[in-house]
Each structure stands twice: as C-alpha cells, then as structure tokens.
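J.: Can you read through this structure? Questions will come right after.
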Amino acid sequence: MAASEEEYNGLTCVQLRAICKERGLVQKGVKKVIVDRLMKDDKASTPAAAPTPTQAVHSSPQKEDNEEEDIGIILGSPTKVLSSSSPVKSPAPAASASSSIDNNYQEFQDETHTCHLFEGRSKYLSPSGLHFIANHQYRPSEYTHLDNLLNPFWTYLTECLPLWLAPNMVTTLGGMHCALAYGVMWYYCPDFDTTPPDWVVMLAGYCAFAYYTLDCMDGKQARRTGSSSPLGQLFDHGFDCICTLFFVATFSSYLEIGGTHWFNMLQTSLQFAFFMAQWEEYHTLVLPHNAGKWCGVTEVNYASALGAICVSLIDREAFFQKSMQDTLAPFGLTSALPALVKDMELRHFALCGWGGMSLILMGLSLKRTLCHPRIAGEDMDASEIRFNRINALSKLASPFLLCVAAFIVPPEFIRTRYLSVVLGCALSLLTKKMIVFSMAKMPYAIIQTDIFPFIFAAIWIRYDTRLTKEGGDFVLGVLSIWYAYRLLRWVNVAINQICAKLGIYCFRLKKRDD
C-alpha cells in the first residue's frame with residue numbers, strides 16, 4: 001500500500017527527519033514531506049498512483065523520450081531529488097520495475113547551503129543545476145497598491161502585442177530603451193560633470209518609463225503565448241541588473257557628481273542593494289520587490305521616470321547646487337537645521353537621503369534572510385543556525401570588496417565613466433551568477449575570481465605614483481572591455497545551456513527539434 005501525505009501531518013520535525021533518512025531523503029526545516037512514489041516497493045505496487053497536490057505543483061509536465069522525468073521534488077533546504085534517466089514507456093512487472101529504479105535513478109542535491117571558498121567547477125551550470133532550473137518556480141513577494149492599480153493597463157498593452165512575439169524579445173525591447181538613453185547621455189555628458197541638454201534628460205525619463213512598462217509586460221506575454229520558462233526570469237532580472245547603469249548615469253548627469261565620491265556612493269548603493277535582493281531570493285526562495293503596500297520597485301521606477309521629465313523643464317544646475325539654507329529659507333525652516341546640513345547642497349542632501357534609504361532596505365533584507373526558517377528554523381540547533389548565517393553573510397563578500405575598491409580609486413584622477421562601466425559590469429556579472437545559481441540551487445562561492453582584476457587595478461592606480469592620469473584611464477578602459485566580454489560570455493553560455501535543457505529558443509516561440 002503506498003504511503004500517503006496525510007499520515008505524516010501530525011509528526012514532529014525530528015520524526016519527519018528520521019523518516020526522511022530512512023527513505024533516502026536529506027531534508028531540513030520542512031514539515032510537509034512527500035513520500036508517495038519514492039519507495040521502491042511503492043513504485044512496484046502502485047505504478048499508476050496519482051500524485052499529491054504538492055507533486056502536481058513542482059513536477060514537470062510530460063517529457064520527451066530523451067528527457068528526465070521527476071519522481072519527487074521537495075523544495076527547501078538540502079534536498080535529494082530522484083530523477084529517471086529514461087522514462088518508462090509501458091508498465092513493467094514488479095521485479096523488473098524495482099531493478100530499473102536501482103539502475104536508472106540518480107541524485108540531485110540542493111547545494112544552496114553549502115560553503116565553497118572558490119568557484120572551482122561551479123563557474124557554469126552543472127547537470128544538477130540544469131535539472132533544478134527546468135523545475136524552477138518563480139515566487140515574488142506581494143504586490144503594492146500601485147501594482148494592482150496599473151495591472152489592467154499593463155494587461156491591455158500586452159493584448160496589443162502580436163502573438164508571434166517572444167517574451168524575451170519584449171524584455172530586450174525594454175533594455176534597448178535604456179541602451180539608447182545611456183548612449184545619448186554618454187555623448188552629451190561623458191563623465192557626469194556637465195549638465196546634458198533638456199531634451200536628453202526628457203528622453204531618459206521616457207526611456208525609463210518605457211523600459212519598466214515593457215518589463216511588466218514580458219511575463220504577461222509569456223503566459224498569453226504559453227511560453228513561460230525559467231529562462232524568462234534570467235532574462236528579466238538580468239536586464240534589470242545591467243539597466244541599473246542607465247539609472248546611475250541619468251541621476252549622475254543632471255546632478256553633475258562626476259569626479260567625486262558621491263558618484264561612487266550612488267552606484268555602489270544601488271547595485272549592492274540590487275545584489276542583496278537576489279541574495280535574499282537565493283536563501284529564502286522569495287524575491288522581494290517592495291517594502292510594504294505603498295513602496296516598491298514600481299513606485300521607484302516610475303518616480304525616477306517622472307522626476308527626470310520634471311527636472312528637464314528647469315534650470316538643473318541652479319536648483320540642485322543651491323544650499324539647503326537657501327532652498328528652505330522661503331519656508332522658514334532654516335533655524336531647525338544643523339550647521340552641517342545648512343551648508344550642504346541640495347544634490348548632496350538628496351544623495352544622503354538615498355543612501356539612508358538604501359541602508360534601511362539592506363538592513364531589512366538582512367533581517368528577513370538571517371531569520372528565515374531555511375536559515376534559522378525552529379528545529380535547528382544553535383551551531384547549525386550559526387553556520388547557516390555565517391555562510392549566508394559570506395556570500396556578500398565579493399560584491400562588498402568590489403564596492404570598497406571603487407572608493408580606493410582617486411575620483412579626480414580617472415575618468416568617471418570608465419570607473420562606472422568597470423564597476424557596473426563586474427557587479428552585474430556577480431549578480432547574474434547569483435540569479436542563475438539561485439534557480440539552479442548551486443553553491444555560490446565566497447570568493448568570485450572575477451573581482452581580482454578590478455581590485456588589483458584600484459590598488460595600482462591609488463598607490464603607484466609613477467602612473468599618469470592617461471595611464472589610469474588606459475587601465476580602466478582595458479578593464480571595461482574585459483568585464484564587458486566576461487559578462488556577455490557568461491550570459492551566453494548560461495542561456496545556451498538553459499535553452500538546450502528546456503528545448504526552446506531564446507527569441508523564438510518555436511520548440512527546438514533537437
């Protein structure tokens with residue numbers, strides 16, 4: 001008689017762990033255990049047993065003959081998944097079924113809680129990682145009021161798209177808006193130290209609005225065309241990651257903060273906060289995109305677009321470089337301000353506010369992650385919780401070191417644009433790895449070797465007195481090309497691996513014949 005899920009609902013975690021160990025599973029912190037169809041005798045005695053609701057959610061649909069068939073997937077901490085190397089085409093006798101299970105099943109291990117100091121062989125996707133990606137389920141946090149208000153608008157726009165248009169192409173069109181505005185901004189304001197023309201700032205505002213709107217439409221297009229896949233999440237969040245460079249360039253251009261550490265603060269806080277959101281999903285399986293019902297990524301993106309359009313209509317230099325005392329004097333609020341704030345320019349005060357908000361968001365992300373049941377479950381002892389928390393925090397080391405290296409470089413000694421591109425591509429590469437490895441349940445190494453070229457270059461530029469300004473620019477220019485290549489190379493390999501695993505094309509709806 002096959003075991004059922006209901007028999008185990010009343011058991012404690014200790015009892016469930018013992019059952020998991022007896023049946024060949026490795027599972028921590030999960031109280032619902034799916035044991036139906038996992039035991040060999042159950043497989044032999046009930047070959048046509050219906051799957052439980054949890055299996056129905058996480059099991060993949062019917063596969064082709066050359067693909068793997070999931071027998072049971074339990075999402076949570078280290079999980080052992082049994083998968084068939086060849087599907088069963090017809091019922092077999094009990095004895096032969098038991099024998100084929102022994103020979104044809106292999107283990108896939110959830111390695112998100114393992115600790116690797118260096119990358120080793122995990123630079124690209126492993127067979128186990130591809131297996132988990134093929135069965136990945138995206139789980140966002142709750143939506144804000146503005147999300148719910150604009151959802152009919154996004155749905156209407158999606159209905160206007162042709163059915164032959166692939167969802168990844170919708171995402172790419174949004175990214176092309178950011179690339180257009182970034183290129184124009186680079187031409188008119190190469191190092192963020194001069195104000196660009198009004199129409200360029202307005203173009204940046206429009207492109208920010210179009211980018212995020214298309215970003216909200218790609219998932220709806222995928223569901224509309226029946227082409228939803230884990231590749232869509234990589235594409236969506238991958239473009240979000242690199243498009244942070246566009247937002248940094250827009251803000252820095254009309255604030256004119258090039259050649260200062262204020263620029264470093266803006267870029268590092270924005271990109272590190274984005275990395276931490278993916279880091280949180282890696283450990284908790286839920287991607288945060290809001291802080292309550294009233295503030296989220298939708299509000300921030302549309303506010304950025306509206307803000308750029310508004311400031312394109314004013315004298316930006318006179319407005320943002322005015323002191324806080326002159327700014328608040330008409331309102332009679334200067335007497336309540338400390339002397340330090342009175343003398344501060346409005347643009348610097350705004351950047352301090354942004355930095356404070358970023359620190360709050362990072363702190364909330366830390367709290368949610370380190371207190372999550374997957375990290376600090378009620379059934380875990382103190383040593384296990386301590387190890388999980390230290391292991392989770394260690395994965396922030398590489399991006400943190402990159403951010404520190406950015407402040408080592410003397411801002412007045414180099415071209416700010418080159419520093420922005422190098423830092424942006426390097427952090428984007430680390431973030432994309434975190435996105436993919438989260439889906440693949442692969443270990444994310446503490447030390448990512450891609451950080452070393454920039455760190456060594458930053459130390460060289462800072463402490464080598466013989467190096468000229470032109471020499472520093474040349475070093476960062478070469479690194480810009482190197483990191484852009486590394487980013488495109490890694491993404492290309494990952495996309496090809498995922499497409500081959502899922503049997504799909506990246507920009508076409510047609511299934512692959514191979």
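Just so you know, glycine gets a Cβ as well, placed from its N, Cα and C.
TrEMBL labels come from automatic prediction, so no person has curated them.
Here TrEMBL flags 8-42 as domain 'SAP'. TrEMBL lists 42-68, 80-100 with the feature region 'Disordered'. As annotated by TrEMBL, transmembrane segment applies to 163-187, 199-214, 387-408, 443-463.
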J.: Please indicate, using numbers and ranges, the residues of the same chain that are 6 or more beyond the transmembrane segment (387-408) and have a C-beta under 8 Å from a C-beta there.
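T.: Contacts with the transmembrane segment (387-408): 113-115, 261, 264, 267-268, 271-272, 275-276, 279, 282-283, 369-370, 374-376, 380, 419, 423, 426-427, 430-431, 434, 444-448, 451, 454-455, 458-459, 461-462.
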J.: Are there residues at least 6 beyond the ends of the transmembrane segment (443-463) whose Cβ is under 8 Å from a Cβ of it, and what are they?
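T.: Contacts with the transmembrane segment (443-463): 111-112, 114-120, 122, 282, 394-395, 397-398, 401-402, 405-406, 408-410, 413-414, 422-423, 426, 429-430, 433-434, 437, 472, 475-476, 479, 482-483, 486.
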J.: Considering every residue in the domain 'SAP' (8-42), what is the mean pLDDT value?
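T.: The answer is 47, the mean pLDDT of the model over that range.
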